[in-house]
Amino acid sequence: MKKIILLGATGSIGTQTLAIIRENPEKFQLVALSFGRNMERGRAIIQEFKPKMVAVWHTRDRITLESEFPNVKFFNGLEGLREVATYLDGDVLLNAVMGSVGLLPTLDAIEAGKSIAIANKETLVTAGHIVMRAAREKNISLLPVDSEHSAILQALNGENPERIEKLVLTASGGSFRDKTRGELSEVTVKEALKHPNWNMGNKLTIDSATMFNKGLEVMEAHWLFGVDYDDIEVVIQRESIVHSMVQFVDGSFIAQLGTPDMRMPIQYALTYPDRLFIPYEKNFRITDFSALHFEKVDYERFPALKLAYNAGKIGGTMPTVLNAANEIAVAGFLNGQVAFYNIEALVENALNRHTSISEPDLDTILQVDQETRAYVKTLL
């Protein structure tokens, strides 16, 4: 029985994680969790799973819940996330919060000796050198929840990492993959949130449409697998059936295929190296797909991916700037303050004004993160 700590319980990844826990009560117990502002959904989760510790974001929500659930210990804010992440009775932390707020709870959980299932890619994007060093020192494995990195982990199972030629991350191309740059000036939030293949949260769906999401995943792959940026390739795979691939020095490829359902990589991160049966509404059959399509990325059409590669190669605090600027720009788009095509421009503006600080410590990363957010907000 694994005792699970789940950060971001009401989000897309959190909801699908709860489904796995619900379907496997003999294997998993949810002992602690966090959620943000969705009180209705949060209450239902507490009532069903009966966690011992819960963190919410606002003080008023904590006070309300304390009166409703006197047997549960409640916390709030970032400190609440950090308390829950290190809950003594938990075995595995699955960090599914969105944004750089997930960094400190992950580091705290590593220090506490928890196993880590990481869905919060910003943790590695902003502080990969710190997080991976801490994990090595504590002999903690970071198991990826992203479908692409889970696919690579599976493709590398039993292989010699020194024989890797390159990693190939696949991308659907997002909601606007068939639109020209000129056509993006008129797109709406509603249109942007219609992903062709995946069911994801709002921020992630927008990041998929710009391909900033894939850029963050390139950085994440760099840290998780120790592969240079020049040896990480992104290709468009429209069907989202091939989740990613590894090419080896002999020219061969190993790929992981499956239905576009996040329950698959979630359960693999929780049970690695074992697997669980997952009930699907429709069983996946490879014969349902008469063809699988692979396309080169047009970096003029998707400049966000080029910005991310450049930021990753420069390193230091540059990825932190890219991530923070993108979070504010996407929030501005979702709130109607920014046109879709201006998301990239805002991020590029923030990158151009920043001089990267190499090997930043945690305080420097957090300071640059806050300064970047404040700056981009002035541009909205």
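These residue numbers are counts, starting from 1, taken along the chain as shown.
Heads up, the Cβ atoms here are built off N, Cα and C, so glycines get one too.
The NADPH binding site annotation in Swiss-Prot covers THR10, GLY11, SER12, ILE13, GLY36, ARG37, ASN38, ASN120, GLU122, GLY201. Within the same chain, residues at least six positions away from ASN38 (NADPH binding site) with a Cβ under 8 Å of its Cβ are THR10. In the three-state DSSP scheme, ASN38 (NADPH binding site) is classed as coil.
Annotation note: GLU217 (1-deoxy-D-xylulose 5-phosphate binding site) sits in a helical segment as assigned by DSSP. Residue environment of GLU217 (1-deoxy-D-xylulose 5-phosphate binding site) contains 29 other Cβ atoms, counted within 10 Å of its Cβ in all protein chains. According to Swiss-Prot, the 1-deoxy-D-xylulose 5-phosphate binding site annotation covers LYS121, SER147, GLU148, SER172, HIS195, SER208, ASN213, LYS214, GLU217, on the basis of sequence analysis.
Per Swiss-Prot, the feature Mn(2+) binding site maps to ASP146, GLU148, GLU217. Using a 10 Å Cβ-Cβ cutoff, GLU148 (1-deoxy-D-xylulose 5-phosphate binding site) registers 25 neighbours.
Cα to Cα, SER12 (NADPH binding site) and GLU217 (1-deoxy-D-xylulose 5-phosphate binding site) are separated by 18 Å. Counting Cβ atoms from all protein chains shown, THR10 (NADPH binding site) has 21 others lying within 10 Å of its own Cβ. For GLY36 (NADPH binding site), the nearest of the binding-site residues by C-alpha distance turns out to be LYS121; the candidates were LYS121, ASP146, GLU148, ASN213, GLU217. Cβ packing within 10 Å was compared across the binding-site residues LYS121, HIS195, and the lowest neighbour count falls to HIS195.
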